[in-house]
Amino acid sequence: EFIEQDAVVTISATQEDAPWGLARISSQEPGGTTYTYDDSAGTGTCAYIIDTGIYTNHTDFGGRAKFLKNFAGDGQDTDGNGHGTHVAGTVGGTTYGVAKKTSLFAVKVLDANGQGSNSGVIAGMDFVTKDASSQNCPKGVVVNMSLGGPSSSAVNRAAAEITSAGLFLAVAAGNEATDASSSSPASEESACTVGATDKTDTLAEYSNFGSVVDLLAPGTDIKSTWNDGRTKIISGTSMASPHVAGLGAYFLGLGQKVQGLCDYMVEKGLKDVIQSVPSDTANVLINNGEGSA
(Lines of atoms letter the chains of each structure in order from A and count residues from 1; the text may use other names and numbers.)
(Lines give C-alpha, C1' and ligand atoms only; values in the text may rest on other atoms or scores of the structure.)
Protein backbone atom coordinates (compact mmCIF):
# COMPACT_ATOMS: atom_id res chain seq x y z
CA GLU A 1 0.00 0.00 0.00
CA PHE A 2 1.02 3.58 -0.44
CA ILE A 3 -0.28 6.81 0.93
CA GLU A 4 -0.47 9.77 -1.41
CA GLN A 5 -0.98 13.40 -0.60
CA ASP A 6 -4.69 14.17 -0.61
CA ALA A 7 -5.60 16.68 -3.32
CA VAL A 8 -8.18 19.41 -3.06
CA VAL A 9 -10.85 18.81 -5.69
CA THR A 10 -12.64 21.86 -6.99
CA ILE A 11 -15.65 22.23 -9.22
CA SER A 12 -15.23 24.11 -12.46
CA ALA A 13 -18.30 26.05 -13.55
CA THR A 14 -19.07 27.45 -16.99
CA GLN A 15 -21.24 30.33 -18.13
CA GLU A 16 -22.27 30.14 -21.78
CA ASP A 17 -22.97 33.33 -23.76
CA ALA A 18 -21.03 35.29 -21.16
CA PRO A 19 -20.13 38.96 -21.62
CA TRP A 20 -16.99 39.11 -23.78
CA GLY A 21 -14.85 40.45 -20.94
CA LEU A 22 -15.61 37.47 -18.70
CA ALA A 23 -14.98 35.02 -21.54
CA ARG A 24 -11.69 36.78 -22.33
CA ILE A 25 -10.27 36.48 -18.83
CA SER A 26 -10.78 32.70 -18.79
CA SER A 27 -9.46 32.06 -22.31
CA GLN A 28 -6.04 31.98 -23.94
CA GLU A 29 -7.43 33.49 -27.16
CA PRO A 30 -9.91 36.29 -27.95
CA GLY A 31 -13.36 35.68 -29.42
CA GLY A 32 -14.69 33.18 -26.88
CA THR A 33 -18.18 33.28 -25.41
CA THR A 34 -17.79 30.96 -22.41
CA TYR A 35 -16.64 32.05 -18.96
CA THR A 36 -14.99 29.18 -17.09
CA TYR A 37 -14.34 29.64 -13.39
CA ASP A 38 -13.96 27.78 -10.12
CA ASP A 39 -17.34 27.47 -8.41
CA SER A 40 -16.01 29.04 -5.20
CA ALA A 41 -16.48 32.32 -7.13
CA GLY A 42 -15.27 34.65 -4.38
CA THR A 43 -17.18 33.01 -1.51
CA GLY A 44 -16.09 34.49 1.82
CA THR A 45 -14.80 37.72 0.30
CA CYS A 46 -16.12 41.28 0.31
CA ALA A 47 -15.78 43.99 -2.33
CA TYR A 48 -16.05 47.70 -1.54
CA ILE A 49 -17.18 49.83 -4.49
CA ILE A 50 -16.07 53.45 -3.94
CA ASP A 51 -18.19 55.13 -6.60
CA THR A 52 -21.62 56.68 -7.30
CA GLY A 53 -23.37 54.14 -5.06
CA ILE A 54 -25.04 50.85 -6.00
CA TYR A 55 -28.66 50.11 -6.90
CA THR A 56 -28.63 47.25 -4.39
CA ASN A 57 -32.03 45.83 -5.38
CA HIS A 58 -30.86 44.85 -8.86
CA THR A 59 -31.79 41.18 -9.34
CA ASP A 60 -28.27 40.34 -10.55
CA PHE A 61 -26.90 41.01 -7.06
CA GLY A 62 -29.10 38.35 -5.47
CA GLY A 63 -29.26 40.20 -2.16
CA ARG A 64 -25.45 40.32 -1.84
CA ALA A 65 -25.19 44.11 -2.26
CA LYS A 66 -25.46 46.57 0.61
CA PHE A 67 -25.33 50.37 0.76
CA LEU A 68 -22.94 51.30 3.59
CA LYS A 69 -22.21 55.02 3.59
CA ASN A 70 -22.59 58.23 1.61
CA PHE A 71 -19.81 60.81 1.42
CA ALA A 72 -21.13 62.56 -1.70
CA GLY A 73 -23.10 65.10 0.33
CA ASP A 74 -26.31 64.63 -1.68
CA GLY A 75 -28.35 62.76 0.93
CA GLN A 76 -29.34 60.13 -1.64
CA ASP A 77 -28.33 56.68 -0.42
CA THR A 78 -28.63 55.04 -3.81
CA ASP A 79 -26.97 55.24 -7.23
CA GLY A 80 -28.32 58.27 -9.08
CA ASN A 81 -25.86 57.83 -11.93
CA GLY A 82 -25.54 54.14 -12.89
CA HIS A 83 -21.75 54.00 -12.98
CA GLY A 84 -21.31 52.40 -9.54
CA THR A 85 -24.00 49.79 -10.23
CA HIS A 86 -22.27 48.89 -13.51
CA VAL A 87 -18.90 48.56 -11.79
CA ALA A 88 -20.40 46.44 -8.99
CA GLY A 89 -22.00 44.14 -11.57
CA THR A 90 -18.62 43.47 -13.18
CA VAL A 91 -17.03 42.73 -9.82
CA GLY A 92 -19.74 40.47 -8.47
CA GLY A 93 -22.99 40.24 -10.41
CA THR A 94 -24.48 36.76 -10.83
CA THR A 95 -24.53 37.16 -14.63
CA TYR A 96 -22.09 39.98 -15.31
CA GLY A 97 -19.56 39.45 -12.53
CA VAL A 98 -16.14 37.88 -12.22
CA ALA A 99 -16.66 36.82 -8.56
CA LYS A 100 -20.30 35.79 -8.48
CA LYS A 101 -20.47 35.04 -4.74
CA THR A 102 -18.64 38.02 -3.23
CA SER A 103 -20.45 40.48 -0.95
CA LEU A 104 -20.74 43.97 -2.47
CA PHE A 105 -20.55 47.14 -0.37
CA ALA A 106 -21.41 50.60 -1.70
CA VAL A 107 -19.41 53.54 -0.42
CA LYS A 108 -20.74 56.56 -2.26
CA VAL A 109 -18.35 59.43 -2.98
CA LEU A 110 -19.71 60.69 -6.32
CA ASP A 111 -23.11 62.27 -7.02
CA ALA A 112 -25.64 61.66 -9.80
CA ASN A 113 -23.42 63.62 -12.19
CA GLY A 114 -20.45 61.39 -11.34
CA GLN A 115 -18.71 64.21 -9.51
CA GLY A 116 -17.31 64.53 -6.02
CA SER A 117 -14.66 66.37 -4.03
CA ASN A 118 -11.22 65.10 -3.02
CA SER A 119 -12.27 65.49 0.61
CA GLY A 120 -15.35 63.32 0.06
CA VAL A 121 -13.37 60.69 -1.84
CA ILE A 122 -10.71 60.59 0.89
CA ALA A 123 -13.40 60.35 3.60
CA GLY A 124 -14.87 57.35 1.76
CA MET A 125 -11.46 55.73 1.43
CA ASP A 126 -10.69 56.25 5.12
CA PHE A 127 -14.08 54.76 6.01
CA VAL A 128 -13.27 51.60 4.01
CA THR A 129 -9.87 51.26 5.71
CA LYS A 130 -11.54 51.35 9.13
CA ASP A 131 -14.77 49.46 8.29
CA ALA A 132 -13.28 46.38 6.63
CA SER A 133 -12.26 44.64 9.86
CA SER A 134 -15.84 44.89 11.16
CA GLN A 135 -17.31 42.98 8.21
CA ASN A 136 -17.54 39.21 7.84
CA CYS A 137 -15.02 38.60 5.05
CA PRO A 138 -12.98 35.56 6.15
CA LYS A 139 -11.20 35.16 2.82
CA GLY A 140 -10.31 38.82 2.42
CA VAL A 141 -11.36 42.19 1.06
CA VAL A 142 -10.98 43.95 -2.28
CA VAL A 143 -11.67 47.61 -3.03
CA ASN A 144 -12.45 49.10 -6.43
CA MET A 145 -11.93 52.74 -7.38
CA SER A 146 -13.12 53.44 -10.92
CA LEU A 147 -12.50 57.14 -10.50
CA GLY A 148 -9.67 59.60 -10.63
CA GLY A 149 -8.57 63.18 -10.62
CA PRO A 150 -5.39 65.22 -10.92
CA SER A 151 -2.34 63.92 -9.05
CA SER A 152 -2.93 64.30 -5.32
CA SER A 153 -0.59 63.21 -2.55
CA ALA A 154 -3.54 63.16 -0.13
CA VAL A 155 -5.58 60.79 -2.32
CA ASN A 156 -2.52 58.59 -2.90
CA ARG A 157 -1.83 58.52 0.84
CA ALA A 158 -5.42 57.39 1.51
CA ALA A 159 -4.96 54.67 -1.14
CA ALA A 160 -1.72 53.52 0.49
CA GLU A 161 -3.56 53.27 3.81
CA ILE A 162 -6.14 50.96 2.22
CA THR A 163 -3.42 48.60 1.03
CA SER A 164 -1.40 48.75 4.25
CA ALA A 165 -4.59 47.74 6.11
CA GLY A 166 -4.39 44.45 4.20
CA LEU A 167 -6.98 45.18 1.51
CA PHE A 168 -6.51 44.69 -2.24
CA LEU A 169 -7.05 47.93 -4.17
CA ALA A 170 -7.82 48.03 -7.91
CA VAL A 171 -7.95 51.45 -9.57
CA ALA A 172 -8.73 52.68 -13.07
CA ALA A 173 -5.74 54.07 -14.98
CA GLY A 174 -7.91 56.86 -16.43
CA ASN A 175 -9.37 57.71 -19.84
CA GLU A 176 -7.24 60.62 -21.04
CA ALA A 177 -4.96 58.61 -23.36
CA THR A 178 -2.00 59.94 -21.40
CA ASP A 179 0.49 58.77 -18.79
CA ALA A 180 -1.39 57.61 -15.69
CA SER A 181 1.31 59.02 -13.41
CA SER A 182 -0.41 62.42 -13.66
CA SER A 183 -3.60 61.24 -11.95
CA SER A 184 -4.68 59.87 -8.58
CA PRO A 185 -5.20 57.31 -7.22
CA ALA A 186 -3.82 55.65 -10.41
CA SER A 187 -0.31 56.89 -9.63
CA GLU A 188 -0.23 55.28 -6.17
CA GLU A 189 2.37 52.49 -6.35
CA SER A 190 0.67 50.17 -3.85
CA ALA A 191 -2.58 50.16 -5.83
CA CYS A 192 -3.16 47.73 -8.70
CA THR A 193 -3.62 50.16 -11.61
CA VAL A 194 -5.59 48.93 -14.62
CA GLY A 195 -5.60 49.94 -18.29
CA ALA A 196 -8.36 48.94 -20.74
CA THR A 197 -8.49 46.64 -23.76
CA ASP A 198 -11.12 45.98 -26.43
CA LYS A 199 -12.55 42.87 -28.11
CA THR A 200 -9.75 42.83 -30.69
CA ASP A 201 -7.04 42.56 -28.00
CA THR A 202 -5.92 46.15 -28.59
CA LEU A 203 -5.23 48.77 -25.93
CA ALA A 204 -8.32 51.02 -25.87
CA GLU A 205 -7.60 54.33 -27.60
CA TYR A 206 -8.74 56.26 -24.51
CA SER A 207 -6.77 54.21 -21.97
CA ASN A 208 -4.05 55.83 -19.92
CA PHE A 209 -0.71 54.03 -19.94
CA GLY A 210 2.79 54.25 -18.49
CA SER A 211 4.96 52.61 -15.86
CA VAL A 212 2.34 52.91 -13.09
CA VAL A 213 -0.05 50.62 -15.02
CA ASP A 214 0.17 47.11 -13.56
CA LEU A 215 -2.38 45.17 -15.60
CA LEU A 216 -4.71 45.38 -18.59
CA ALA A 217 -8.32 44.16 -18.58
CA PRO A 218 -11.42 44.32 -20.80
CA GLY A 219 -12.89 47.85 -20.75
CA THR A 220 -14.56 48.63 -24.08
CA ASP A 221 -18.23 47.75 -24.72
CA ILE A 222 -18.74 46.07 -21.36
CA LYS A 223 -22.28 44.95 -20.52
CA SER A 224 -23.28 45.09 -16.88
CA THR A 225 -25.98 46.08 -14.42
CA TRP A 226 -27.55 49.56 -14.43
CA ASN A 227 -29.40 51.64 -11.83
CA ASP A 228 -32.77 51.23 -13.57
CA GLY A 229 -32.75 47.49 -12.86
CA ARG A 230 -31.69 46.72 -16.41
CA THR A 231 -28.29 46.59 -18.13
CA LYS A 232 -26.12 48.94 -20.13
CA ILE A 233 -23.04 48.66 -22.36
CA ILE A 234 -20.39 51.28 -21.60
CA SER A 235 -16.63 51.74 -22.01
CA GLY A 236 -13.68 52.98 -19.98
CA THR A 237 -10.86 52.02 -17.67
CA SER A 238 -13.71 52.25 -15.12
CA MET A 239 -14.94 48.97 -16.62
CA ALA A 240 -11.45 47.39 -16.69
CA SER A 241 -10.65 47.98 -13.01
CA PRO A 242 -13.63 45.95 -11.67
CA HIS A 243 -12.51 42.94 -13.75
CA VAL A 244 -9.30 43.11 -11.69
CA ALA A 245 -11.10 43.72 -8.38
CA GLY A 246 -13.40 40.79 -9.16
CA LEU A 247 -10.46 38.58 -10.09
CA GLY A 248 -8.82 39.64 -6.83
CA ALA A 249 -11.87 38.43 -4.91
CA TYR A 250 -11.90 35.24 -7.00
CA PHE A 251 -8.26 34.44 -6.19
CA LEU A 252 -8.77 35.31 -2.49
CA GLY A 253 -11.70 32.90 -2.45
CA LEU A 254 -9.36 30.21 -3.77
CA GLY A 255 -6.94 30.84 -0.89
CA GLN A 256 -4.50 33.40 -2.30
CA LYS A 257 -3.30 36.05 0.13
CA VAL A 258 -3.82 39.80 -0.35
CA GLN A 259 -0.10 40.41 0.05
CA GLY A 260 1.39 40.32 -3.45
CA LEU A 261 -1.96 39.69 -5.14
CA CYS A 262 -1.37 42.20 -7.94
CA ASP A 263 2.00 40.54 -8.66
CA TYR A 264 0.27 37.14 -8.63
CA MET A 265 -2.15 38.41 -11.29
CA VAL A 266 0.78 39.63 -13.39
CA GLU A 267 2.31 36.16 -13.06
CA LYS A 268 -0.96 34.45 -14.10
CA GLY A 269 -1.71 36.95 -16.89
CA LEU A 270 -1.20 36.60 -20.64
CA LYS A 271 1.98 38.37 -21.72
CA ASP A 272 2.34 40.51 -24.85
CA VAL A 273 -1.01 39.58 -26.43
CA ILE A 274 -2.39 43.15 -26.56
CA GLN A 275 -1.64 45.39 -29.54
CA SER A 276 -0.69 49.10 -29.42
CA VAL A 277 0.76 49.01 -25.90
CA PRO A 278 3.57 51.56 -25.38
CA SER A 279 6.92 50.03 -24.45
CA ASP A 280 6.91 51.52 -20.95
CA THR A 281 3.55 49.92 -20.12
CA ALA A 282 3.06 46.38 -18.79
CA ASN A 283 1.55 44.27 -21.58
CA VAL A 284 -0.23 41.80 -19.32
CA LEU A 285 -3.88 40.82 -19.84
CA ILE A 286 -5.52 39.33 -16.76
CA ASN A 287 -6.47 35.64 -16.79
CA ASN A 288 -8.01 33.36 -14.16
CA GLY A 289 -6.04 30.30 -15.27
CA GLU A 290 -9.16 28.21 -15.93
CA GLY A 291 -9.77 28.38 -19.67
CA SER A 292 -8.00 26.06 -22.09
CA ALA A 293 -8.52 27.87 -25.38
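Glycine too: its Cβ is placed from the backbone N, Cα and C atoms.
The feature domain 'Peptidase S8' is assigned by Swiss-Prot to 19-293. Per Swiss-Prot, the feature disulfide bond maps to Cys46-Cys137, Cys192-Cys262. Here Swiss-Prot flags Asp51, His83, Ser238 as active site, charge relay system.
Of all the recorded positions listed here (Cys46, Asp51, Ser238, Cys262), it is Cys262 whose C-beta has the fewest other C-beta atoms within 10 angstroms. Calculated from their C-alpha atoms, the gap between Cys262 (disulfide bond) and Asp51 (active site, charge relay system) amounts to 21 Å.
A straight line from the CA of Cys46 (disulfide bond) to the CA of Ser238 (active site, charge relay system) spans 19 Å. With respect to Cβ neighbours within 10 Å, the disulfide-bonded residues Cys137, Cys192 differ, and Cys137 shows the lowest count. The two recorded residues, His83 (active site, charge relay system) and Asp51 (active site, charge relay system), have Cα atoms 7 Å apart. In the three-state DSSP scheme, Cys137 (disulfide bond) falls into the coil class.
Ranking the recorded positions Cys137, Cys192, Ser238 by the distance of their Cα atoms from the Cα of Asp51 (active site, charge relay system) places Ser238 first. In the three-state DSSP assignment, the secondary structure recorded for His83 (active site, charge relay system) is helix. Neighbour density for His83 (active site, charge relay system): within 10 A of its CB lie 25 other CB atoms from the protein chains shown. Secondary structure at Asp51 (active site, charge relay system), as computed by DSSP, is strand. Secondary structure from DSSP puts Cys46 (disulfide bond) in a beta strand.
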